[in-house]
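Peer 1: Input: one structure, supplied below.
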Amino acid sequence: MPLLWLRGFLLASCWIIVRSSPTPGSEGHSAAPDCPSCALAALPKDVPNSQPEMVEAVKKHILNMLHLKKRPDVTQPVPKAALLNAIRKLHVGKVGENGYVEIEDDIGRRAEMNELMEQTSEIITFAESGTARKTLHFEISKEGSDLSVVERAEVWLFLKVPKANRTRTKVTIRLFQQQKHPQGSLDTGEEAEEVGLKGERSELLLSEKVVDARKSTWHVFPVSSSIQRLLDQGKSSLDVRIACEQCQESGASLVLLGKKKKKEEEGEGKKKGGGEGGAGADEEKEQSHRPFLMLQARQSEDHPHRRRRRGLECDGKVNICCKKQFFVSFKDIGWNDWIIAPSGYHANYCEGECPSHIAGTSGSSLSFHSTVINHYRMRGHSPFANLKSCCVPTKLRPMSMLYYDDGQNIIKKDIQNMIVEECGCS
């Protein structure tokens, strides 16, 4: 999340702290002036007026995020039956058997998808010529050594069709995986089919496709299951034999040019009497159509490098930086007449101490900044010598709201960075 937004959130948090904290003269609860947000740890939980003032601060925050100066005046609410019917028709929420509305959290799902996409790597591996004719060898990059969950894997092949010969309109292309395997121990899976055994060597049908043989173009063959099996077995190479029995009849040919094959064909081109300039241009064009494997993969949920340090939950047993749960029910504060959904707001906040040894340990955008500042602060370098590390939000999630405006219109608004999910030391 942008650092600028976090600073703005910090200011809002400080306002809540000031409103909820006792006066500076109160004994035993003085706020630290050089770290205002740290004063949340000293918030007097037993003072009767502290809870209402926190709620008032939350109210103002919600109105501000909805760009409202005051709560809408709902003098003539829409009949319940009409409201529920409209919600069903517009697919903006689900209506439970008890009549309560449950808003569809599309923005939350999108945030989860975006987070997943950020953790996904895409690797393109160009083919090398295999040991046998019409075979290709793919060596998956070391970049993917920590990736164990395949999202998508495809082999791309270029079919070249001469303009003069277009007798056949369709051809079938098959991809076979070649591997050494003890007999009787093959795991064929859904995508592969065992088609032949020669001693300890086996061939599995990876993919098959009927393609148009009237024009030169790329064709894509899915091999996700096969690559997943390779990764599960701790392997990183794939040997593929390409078969196209009807290609010769149609005059079409698959470009299977790899580094080894290029060297082998250099001599053949000269023997055929082709000019070096023309042969070089043809080879360069062929290389632009070199087969490749496209892999999208991510680390598994239980991978040790993927486990990010999670923020602590305040449970009364810890005094270091943690997330404090604070739920405000819209029914309890009299706002359920204009807010249709959700039923309340998780106004979580951060509190606790930030000792020097944990500053900058959170997996947030603040971590690098915090670690550098802490490095200089511990060594007494100006201007960081007198700074204290503060407990601040490091991860926030969006919130969707369904509510009435002053004109009795139903509004659905997605509000970014509304709910504190994790806290860390800045």
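Counting starts with 1 at the first residue shown.
Positions of Cβ are set from backbone N, Cα and C atoms, glycine also.
Since we're looking at a predicted model, the values are computed, not measured.
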Peer 1: Cys425 pairs with which of Cys350, Cys354, Cys390 in a disulfide, per Swiss-Prot?
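Peer 2: In Swiss-Prot, Cys425 forms its recorded disulfide with Cys354.
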Peer 1: Taking Swiss-Prot as the reference, Cys350 is linked by a disulphide to which residue in Cys244, Cys247, Cys423?
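Peer 2: Matching partner in the record: Cys423.
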Peer 1: Among Cys247, Cys322, which cysteine does Swiss-Prot link to Cys314 through a disulfide?
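Peer 2: The record-listed partner cysteine is Cys322.
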Peer 1: Out of Cys321, Cys322, Cys354, Cys423, which has the highest number of nearby Cβ atoms, where nearby means within 10 Å of its Cβ, if these are the disulfide-bonded residues?
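Peer 2: Comparing the disulfide-bonded residues Cys321, Cys322, Cys354, Cys423, the most crowded Cβ belongs to Cys321.
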Peer 1: So of Cys314, Cys425, which of the disulfide-bonded residues has the fewest other Cβ atoms within 10 Å around its own Cβ?
Peer 2: Cys314
Peer 1: Go through the disulfide-bonded residues Cys321, Cys322, Cys354, Cys391 and tell me which ones have a CA within 10 A of the CA of Cys423 (disulfide bond).
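Peer 2: Matched disulfide-bonded residues: Cys321, Cys322, Cys391, sequence order.
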Peer 1: Can you tell me which disulfide-bonded residues out of Cys314, Cys321, Cys391 are within 10 A of Cys425 (disulfide bond) by Cα, answering none if there aren't any?
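Peer 2: Passing the 10 Å Cα cut: Cys321, Cys391.
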Peer 1: Cα-Cα, whole number of Å: Cys321 (disulfide bond) versus Cys354 (disulfide bond)?
Peer 2: 6
